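One structure below.
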Amino acid sequence: MTPVSNHGVAESIFDLDYASWKIRSTLAVAGFVFYLGVFVVCHQLSSSLNATYRSLLAKEKVFWNLAATRAVFGIQSTAAGLWALLGDPVLYSNKALGQQNWCWFHITTATGFFFFENAAVHLSNLFFRTFDLFLVVHHLFAFLGFLGSAVNLRAGHYLAMTTLLLEMSTPFTCVSWMLLKAGWSHSLFWKVNQWLMIHMFHCRMILTYHMWWVCFQHWDALASSLYLPHLALFLFGLALLTVIINPYWTHKKTQQLLNPVDWNFAQPEAKGDRQERTNGQVPRKKRL
């Protein structure tokens, strides 16, 4: 089965021969390079323009740049995922086997992004001696899942694209964390963004239920089109998201709305220390 071609005469990125492994691997590498570039550009711009960034610890700067990179990927993923969920007639009519060239582009570049994300997270953990189990597991499963979709010409694209839609929360997470570090956690803008982010996490939970429904409704077609290890990986990852990761992150973000603390880097408060703290740190003047 070859990928379904989009209509149109003009040559474009969506009109490439995605049956070619060379094309798909090239776009995966391009995705890695592009998001590495976003990371580097964010560091350069923030170093030059942002006083808050310059005051951060090295590991916080890495997290800042990763948050911005994830936000850019989240915008791409949300747009692609919404179109697959609501607008594309080919994917809507065949949720198990339907393919589109524009989906191949997003699947391959997402593979490159998740490879970058895994490399960055592991290098950061190694250098700074930190470890976030949920984040590591989440991105490992994401990379392996999209790699499986990128190499399998028979795999349908609907579930892969709705998986991308799970990144809908990342732009809000980026804004939340940056404003938190700038000392704006009591501003109306931060609170509105936090409410929207929590809502996005609830939408993620609803979306995972929809993905389970698609799996049950189209089980035979999925089982015949996906390699068994890929299918098992997808189902196990979806189960982790549904039962553990999504509820945990939703709980933590709701806690953060009520108690604006940077729980990624906040140091344990010394016993008897009554000094008021903001964002897990001693309050300091707001700046951007």
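Cβ coordinates are placed from backbone N, Cα and C, and glycine is handled just like the others.
Same-chain neighbours of the transmembrane segment (26-46): 53-54, 61, 64-66, 68-69, 72-73, 104-105, 108-113, 115-117, 120, 150, counting only residues six or more beyond its ends whose CB sits under 8 Å from a CB of the stretch. What Swiss-Prot lists as transmembrane segment is 26-46 (among others), and the listing cites sequence analysis.
Here Swiss-Prot flags 62-262 as domain 'TLC'. Per-residue confidence over the domain 'TLC' (62-262) averages out at a pLDDT of 94.
Feature annotation from Swiss-Prot assigns transmembrane segment to 71-91 (among others).
Listed as Cβ neighbours of the transmembrane segment (103-123) (distance under 8 Å, sequence separation of 6 or more from its ends, same chain) are residues 3, 13-14, 16, 18, 24-25, 27-36, 39, 62, 66, 69-70, 73, 76-77, 80, 84, 91, 132, 135-136, 139-140, 142-143, 146-147, 149-150, 157, 160-161, 164. Here Swiss-Prot flags 103-123 (among others) as transmembrane segment, drawing on sequence analysis.
For the transmembrane segment (131-151), same-chain residues at least 6 beyond its ends with a Cβ under 8 Å from one of its own Cβ atoms are 21, 24, 28, 107-108, 110-111, 114-115, 117-118, 121-122, 125, 157, 160, 163, 226-227, 229-230, 233-234, 236-237, 240-241, 244-245, 248-249, 264. The transmembrane segment feature in Swiss-Prot is assigned to 131-151 (among others); the stated evidence is sequence analysis.
Annotation source Swiss-Prot lists transmembrane segment at 225-245 (among others).
Sequence annotations record features per position, and here Swiss-Prot assigns motif 'ER-retrieval signal' to 285-288 based on similarity to another entry.
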